[in-house]
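Features of the protein shown, as given by TrEMBL:
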DOMAIN    26-101  domain 'Ig-like'
DOMAIN    122-217  domain 'Fibronectin type-III'
DOMAIN    222-326  domain 'Fibronectin type-III'
REGION    316-340  region 'Disordered'
SIGNAL    1-20  signal peptide
Amino acid sequence: MPPLLLFPSLLLLCLRLLRAEPLAYPAVISPQDPTLLIGSSLVATCTVSPDFHLKAEDLYWTLNGRRLPAASYAALSPTTLSVALARLNGSKQQSGDNLVCHSRDGGILAGSCLYVGLPPEKPVNITCWSKNMKDLTCKWAPGTEGETFLHTNYTLKYKLRWYGRDNTCQEYHTAGPYSCHIPKDLALFTPYEIWVEASNRLGVAVSDVVMLDILDVVTTDPPSDVHVSRVGDLEDQLSVRWSSPPALKDFLFQAKYQIQYRVEDSSEWKVVDDVGNQTSCRLAGLRPGTVYFVQVRCNPFGIYGSKKAGIWSDWSNPTAASTPRSERAAGSCDPKGGEQNTTLRRELKQFFGWVKKHAYGCSNLGIKLYDQWRVWLQKSHKTRNQVGSSR
């Protein structure tokens, strides 16, 4: 028999053929396909059929294609060769390690899969959210260690708290490797019990039960149509506008928004927490002539009277805009510390003088009026600088 190339696919094919035709087995390995804990030891035997006229000294062993040392062999009979494996490590592949008995010329006589690993740990950190109050997505962590070296199945189960049968989630890996999505047929105003079962060849582990009401875990997609623009010629401000989440437009709820922004050449974000439920905000105190990236996120809360804090959406995609460049003439000096108060009093005097000419009554004394004065003041500075540079 010519030597066989030990590619995994060919090896698996050979093993299937051998198992499909029991009468054609050249040899038998015992135990067949054992499951063992990491650190265990194993003695396996290969017994050759008398029809093949092979002896124990004509045999050798491989594990995952690598020949095992002859020192680990023992001839138990003229046609039986054993191999001793000590302190086994976790399987290199979840489908099992290939232990194969060969004839002297390399031919495959028999094979067995070794499943070496750990029982599953109790899944932890179950978190769930709903995007439209009709669905539910949950994810979890597989335990403190995680890796079992064996194929481990995770099953998300749920039921109404006080009645109803167990239900099994069907759409897995929708939000990562340990997640599942329930697309419909969920009840409102009634708590659910949710848990995860983990199982493999070495055992079963069940998470703690999480209780939740769909209304308490509603989140949204990020706000859409985020626009960032300049505020006239103001050098230190940008205006941010966005649209509320369309998925919840038909539901009674409140919303909180957060904004974060950073300059183009920095990775540090600054967060604005006090946006409230308005869909616009003005960023002030910015650097002139600078590109800023801005993101917005939403937290729907109080849906149908829910008392929970709500869940923040993801951040919107970054939107960029730049503040106007400063019109101060190159080489001009900032006021020194002793002159700042005098400058402030002079500008306030200018502002209130300007208000007398352009405002009628206190009701018009608002941020827009202040902005108009700032623009007028900047233009005045620009004109003075141009006149001064022409002299």
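Here the Cβ of each residue, glycine as well, is placed from N, Cα and C on the backbone.
Automatic prediction, not curation, is the source of TrEMBL annotations.
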DSSP residue counts for the domain 'Ig-like' (26-101), split into helix, strand and coil: 9 helix, 37 strand, 30 coil
Across the domain 'Ig-like' (26-101), average pLDDT on the 0 to 100 scale: 93
Tally of DSSP helical, extended and coil residues in the domain 'Fibronectin type-III' (122-217): 4 helix, 45 strand, 47 coil
Per-state residue totals over the domain 'Fibronectin type-III' (222-326) - DSSP helix, strand, coil: 6 helix, 45 strand, 54 coil
